[in-house]
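So that you can see what the record holds, here are the features copied from Swiss-Prot:
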type	residues	note
BINDING	Cys45, Gly46, Ala47, Gln48, Arg68, Arg76, Ser78, Asp108, Lys109, Gln110, Gly158	NADP(+) binding site
BINDING	Asp217, Glu389, Glu393	Mg(2+) 2 binding site
BINDING	Asp217, Glu221	Mg(2+) 1 binding site
DOMAIN	15-208	domain 'KARI N-terminal Rossmann'
DOMAIN	209-344	domain 'KARI C-terminal knotted 1'
DOMAIN	345-484	domain 'KARI C-terminal knotted 2'
Amino acid sequence: MANYFNTLNLRQQLAQLGKCRFMGRDEFADGASYLQGKKVVIVGCGAQGLNQGLNMRDSGLDISYALRKEAIAEKRASWRKATENGFKVGTYEELIPQADLVVNLTPDKQHSDVVRSVQPLMKDGAALGYSHGFNIVEVGEQIRKDITVVMVAPKCPGTEVREEYKRGFGVPTLIAVHPENDPKGEGMAIAKAWAAATGGHRAGVLESSFVAEVKSDLMGEQTILCGMLQAGSLLCFDKLVAEGTDPAYAEKLIQFGWETITEALKQGGITLMMDRLSNPAKLRAYALSEQLKEIMAPLFQKHMDDIISGEFSSGMMADWANDDKKLLTWREETGKTAFETAPQFEGKIGEQEYFDKGVLMIAMVKAGVELAFETMVDSGIIEESAYYESLHELPLIANTIARKRLYEMNVVISDTAEYGNYLFSYACVPLLKPFIAELQPGDLGSAIPEGAVDNAQLRDVNDAIRSHAIEQVGKKLRGYMTDMKRIAVAG
């Protein structure tokens, strides 16, 4: 099989990379009705599989789970989760032939085996759904021409998909129809109904493409979302300890610092995050972020280039074929780092202390978010897609580090994201070491003293922060989500 993206001509590639339209609430007036009365069979019962299924069932859809025979016979975790939640569970042979929509929510590396197993069992004219398009775009999986292929991709972990639904809301979602597989022209109707059934229509839906979703998703998770947080955690911890900071305090400042800092990012973008600093600290954070962007730009561009060309995917799939040797080695090495093995700090760190003593961390967040966004947009990805795959998801990933450090982040994210994270962080750490060595007092671990600032300089920095394209599109999208939530709560 050939990488699907690489079979397209340049015009087709650009058209699919640039496909992104914010859909109006009125386009979901019919809710999930298009799928009501039809049989939806989910393959896989992990975080996305279970939580999407719960939402879809609560939206009135007929949901069951198809699992491998051995998973059922051995009563594995997937079987237990599905049965404990009252779902019908059966083998592929028992459930797939009756399905109107088969939703493949297994890990990326299992997609080819799953699709090759279910395709012969699917009835003529059925639909196949994904929540990530890697199998279609990067693997180049060939799907029978009578089958409609759609995607509904919530921009949050599965647990958040469920919690937001229970609150009467949802999470921002991308939907797409594979242009090679829409024989009856019903793909968009299926995708819209599926998105509505998960609650995504209440938070905002982008009509996208499989290509745009995959390329932007890979870029975001490799760089700012996971790779930058891992590299930043390791570098900042080692710097603090080398300068005499108690390892336990240093660990807590970093572990919970990312979450605290990005909560401001979530509420008001880079502007609010930077506004949490004193004026002297803001100017310093801005200067550091500009230096970081200059240093890291070639690395971000290399990751984007390798994602666009398929070089990243081919390398990762080679590691799949080699029993994940690289992935497992990197995972083990990460677990042995000083940050991961540091003792816990029992004292309290106040919220503002994370900002005051984390100027470098804030600069890293700003630089990473802006670089990821800029690099995606320069590659033809529309700004809204780039926003969701950079700034929007960052607080969610930071929250995983707050739970159990980098271990938790790498457990929660997909193996695809974890592999890309290691590629980036292993390159980024040595790249930034000379920069880290030149830091000044107050950049990390201690506060920058209050003092006079130049008004014109502060004005120009504030203007530069607020006028960045990601702040403009972010303000629009966050405002839309707030409006949608207000409407949803009002009923």
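FYI, residue positions are counted from 1 along the chain as it appears here.
Note: Cβ is positioned from N, Cα and C throughout, glycine not excepted.
Averaged across the domain 'KARI C-terminal knotted 1' (209-344), the predicted model reaches a pLDDT of 97. Other Cβ atoms within 10 Å of the Cβ of Glu389 (Mg(2+) 2 binding site) number 28 in total over all chains. In sequence order, Lys155, Ser216, Met219, Gly220, Glu221, Leu225, Tyr388, Ser390, His392 are the same-chain residues whose CB sits within 8 A of the CB centroid of Asp217, Glu389, Glu393, the residues recorded for Mg(2+) 2 being left out. For Glu393 (Mg(2+) 2 binding site), the binding-site residues whose C-alpha atoms fall inside a 10 Å radius of its own C-alpha are Glu221, out of Cys45, Ser78, Glu221. Around Arg68 (NADP(+) binding site), the same-chain residues six or more apart in sequence whose CB sits under 8 Å from its CB are Thr91, Tyr92, listed in sequence order. The Cβ of Ser78 (NADP(+) binding site) lies under 8 Å from the Cβ of Gly44, Cys45, Gly46, Gly49, Tyr65, Leu67, Ala71, each of which sits 6+ residues away along the same chain.
Here the C-alpha separation of Glu221 (Mg(2+) 1 binding site) and Ala47 (NADP(+) binding site) works out to 18 Å. Shown for the domain 'KARI C-terminal knotted 1' (209-344): DSSP residue counts in helix, strand and coil, namely 117 helix, 0 strand, 19 coil. Counting residue by residue with DSSP, the domain 'KARI C-terminal knotted 2' (345-484) contains 107 helix, 0 strand, 33 coil.
Other C-beta atoms found within 10 angstroms of the C-beta of Asp217 (Mg(2+) 2 binding site) number 26, with every protein chain shown included. Here the C-alpha separation of Lys109 (NADP(+) binding site) and Glu389 (Mg(2+) 2 binding site) works out to 21 Å.
Taking CA atoms as the reference points, Gly158 (NADP(+) binding site) and Glu389 (Mg(2+) 2 binding site) are 16 Å apart.
Annotation for the binding-site residues Cys45, Ala47: lowest Cβ count within 10 Å of the residue's own Cβ, Ala47. Look at Ala47 (NADP(+) binding site): DSSP puts it in a helix. Put plainly, the binding-site residues Gly158, Glu221 were compared by Cβ crowding within 10 Å, and the winner is Glu221.
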